Structures are given as structure tokens and as C-alpha cells.
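Participant: Checked TrEMBL, it gives:
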- ASP5: active site (ACT_SITE)
- ASP207: active site (ACT_SITE)
- 338-359: compositional bias 'Polar residues' (COMPBIAS)
- 1-325: domain 'Peptidase A1' (DOMAIN)
- 338-367: region 'Disordered' (REGION)
Amino acid sequence: MVALDTGSDLFWLPCQCDGCTPPPSSAASAPASFYIPSLSSTSQSVPCNSDFCGLRKECSTTSSCPYKMVYVSADTSSSGFLVEDVLYLSTEDTHPQFLKAQIMFGCGEVQTGSFLDAAAPNGLFGLGVDMISVPSILAQKGLTSNSFSMCFGRDGIGRISFGDQGSSDQEETPLDINQKHPTYAITITGIVVGNNLMDLEVSTIFDTGTSFTYLADPAYTYITDGFHNQVQANRHAADSRIPFEYCYDLSSSEARIQTPSISLRTAGGSLFPAIDPGQVISIQQHEYVYCLAIVKSTKLNIIGQNFMTGVRVVFDRERKILGWKKFNCYDTDSSNPLSINSRNSSRSTPENYSPQETKNPAGASQLRHVSSSPPVVWWHNNSLLLMMFVLLHLLIF
């Protein structure tokens with residue numbers, strides 16, 4: 001079960017190693033699971049002369065290519081070596097086809113920081129722009145369009161569809177991809193809180209690997225002040241355990257409070273709705289608060305996973321478009337059929353393969369994995385950590 005992260009590129013799994021996964025007593029929502037190259041007849045090491053090897057200076061011509069990924073969270077990293085193996089994906093149609101995708105990923109030998117504290121129990125699925133990410137590999141091999149979508153449901157159920165370019169009725173805005181530091185960034189031209197609009201222009205990164213949303217001023221102050229001024233509830237006293245400034249007491253009979261709507265106006269005029277930007281937090285037994293889950297940033301603006309809940313978000317790298325649409329994450333959408341390369345697909349089910357199947361009566365073909373794990377909220381170093389996981393089927397033969 002791997003964490004989805006559009007803010008990084010490499011997909012990695014913990015290999016058979018000591019001390020590289022959360023201990024059994026941690027808050028991890030899944031037991032440790034290892035990838036063992038020697039048990040897979042299709043596993044191949046990636047040589048140092050590969051175009052994908054970024055650390056050639058640290059290996060000889062006969063050894064496997066090493067990798068090291070360092071993340072923004074304090075002292076958080078993963079290192080090991082690169083391997084190739086087969087990932088099986090299924091199409092979303094009435095007669096599912098199964099596609100073999102030879103992908104590259106990291107065999108993680110050493111994990112540090114948050115990865116030892118349940119941030120990604122079985123690894124991390126990088127979905128960034130670089131050529132080593134799985135969406136890039138699928139597109140390079142001609143297996144899918146150079147696009148994918150994700151949909152995070154309120155109850156933690158969600159889906160990721162490779163090759164999905166969205167639908168004709170979705171909202172869109174251009175992606176601002178900086179080639180030196182490529183991320184999924186867009187331009188925000190205004191913020192709407194309730195019926196109040198503030199014009200501004202800021203660049204914002206869409207990052208599913210960030211649990212909550214981070215905003216710098218003036219955006220942060222405008223949203224939080226506008227939100228607070230329209231909430232009719234008692235503001236909770238400052239609490240060092242909670243990273244959010246604007247929290248409100250909930251009575252025993254309340255599941256949430258009445259809040260104003262929040263939308264982001266994007267370049268081109270389309271509004272991106274923050275359908276459920278809050279988080280209910282248990283302070284102690286039978287005591288809860290509702291918080292506007294936005295953290296004040298000193299510089300970067302990051303739209304985190306909580307702002308994407310209830311919306312199908314399309315990362316169309318081919319058209320350089322970010323698309324979105326309010327969506328039931330259990331459903332498939334037949335408005336944009338995907339053709340896959342039949343030479344790489346099979347109508348027979350691989351041995352021991354039992355994916356959750358979804359049926360699309362219109363026959364649209366999109367490659368997908370479906371998450372079936374609820375989100376978990378943990379206390380972590382006096383802050384909250386929320387992760388969305390997707391079940392990944394990597395078959396070993």
C-alpha cells in the first residue's frame with residue numbers, strides 16, 4: 001500500500017531490509033510488506049549506464065544504479081538501487097483487458113524520518129513530471145496517453161486512472177511547468193470565500209503528497225480572516241499540538257459546523273472548489289474541534305490533498321492542462337475513452353491476479369488502481385499527518 005505523491009518522481013518500495021519500515025507498534029495502517037527482487041523472475045537491475053541512472057558517479061559500470069530521494073520533511077529520505085519489473089494494470093470497461101507494463105522503480109534499502117513513522121508504510125508512488133515516473137514511462141512506451149487522473153473521496157476511497165484526459169465538461173487551467181524544477185503548478189488569480197472575492201496573482205503547486213494546504217500571505221490571511229468572519233462558532237484556544245490556527249469547538253451533537261464556501265479562481269477564469277477544506281480532530285476523549293486545514297507558509301503555496309477531496313483532478317501533461325470536475329470517486333466516466341496498445345494487453349487474467357473490478361457500460365478504457373483504505377489521521381511530532389494510500393498490485397512470477 002503506497003502513498004500517492006505528485007510532488008516527487010520516483011516510485012519506490014521497501015526491499016527486504018532491517019529498520020526500513022515502520023515498527024509494528026507504530027500508527028501504520030498496513031503491515032510491512034517487502035519487494036524481494038530475487039523472488040521475481042522478471043526483476044532486473046538497472047545498470048549504471050542507463051539513461052535513468054542519475055547517480056552514475058557513485059557506482060561502477062558493473063553494479064546496479066543507486067538512487068537517493070530526499071524529501072522536504074525533516075530528515076526524510078529513501079535510498080537503495082533501481083530495478084525493473086512488470087506492473088499489471090486493468091482497463092475500465094465491460095471486458096477488462098490486462099496490460100503488462102515494464103516499469104522502473106526504487107528498491108529501498110534505507111528509509112529515514114517520516115517513512116519510519118508510518119508516512120508511507122509500503123513505499124511511495126511518485127507521479128511527477130520527470131521521465132522516471134510511472135506516468136512518464138507508460139506514455140513513453142505508448143501504453144497510455146501522457147495524462148492521469150486522481151479522485152479522493154471523503155471516506156478515503158479513491159482511484160487513480162492512467163491515460164485519463166478527463167471529460168469535455170471539466171474545468172481547466174494551464175499548467176505552468178518550470179523545466180528546471182518541474183512541478184504541477186498553476187496560476188491563481190483570485191480567491192472566493194463565501195460571496196467575497198479577492199483579486200491576486202500567485203503560483204500554486206498541486207501536490208497530493210502534502211496532506212494539507214499551505215498558503216503564504218496575502219492568500220493565507222485573506223482566506224482565514226474571511227472564513228473566520230463568516231463562521232458562527234466558538235473559536236478553539238490556541239493549541240500547540242495542532243498546526244492550524246483556525247479551529248472551532250464542536251458540541252457532542254455536532255459532526256461539523258456551517259462554513260462558507262472556498263474557491264480558487266484560476267488563470268482563464270475557472271473556479272476550483274475546495275469542497276471539504278476542514279478537518280475534525282479529536283483533542284481528547286469526547287472532545288472534538290473542526291479546523292480549517294490550511295497551514296501558514298513563509299514562501300510556497302501548495303494545494304494539498306484536503307483541497308482535492310471530492311474532485312477528479314486530471315494532470316494532463318500532454319496538453320499541459322490541469323482539469324477538474326466534482327465527482328463521485330466510485331464511478332467511472334465514459335466521456336473520454338482511452339485506446340490502449342493491444343499488443344501489450346491480454347484478455348486473460350494473470351495467475352493470482354484479483355483486482356477490484358469496476359464496470360463501465362459505455363466501454364471506456366482507462367487504466368486504473370482503486371484505493372480501498374480509509375484515510376488515517378495521526379499525531380506526528382505535534383502535528384497532524386494525513387495520508388491517502390492506493391493498493392498496488394505488483395505481481396511476482
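Using the three backbone atoms N, Cα and C, a Cβ is placed for every residue, glycine included.
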Participant: Mind giving me a neighbour count for ASP5 (active site)? Other Cβ atoms within 10 Å of its Cβ, every protein chain shown.
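Facilitator: So the number of other Cβ atoms within 10 Å of ASP5 (active site) is 24.
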Participant: How big is the Cα-to-Cα gap, in Å, between ASP207 (active site) and ASP5 (active site)?
Facilitator: 7
Participant: Among all the protein chains here, how many other CB atoms are within 10 A of the CB of ASP207 (active site)?
Facilitator: 25
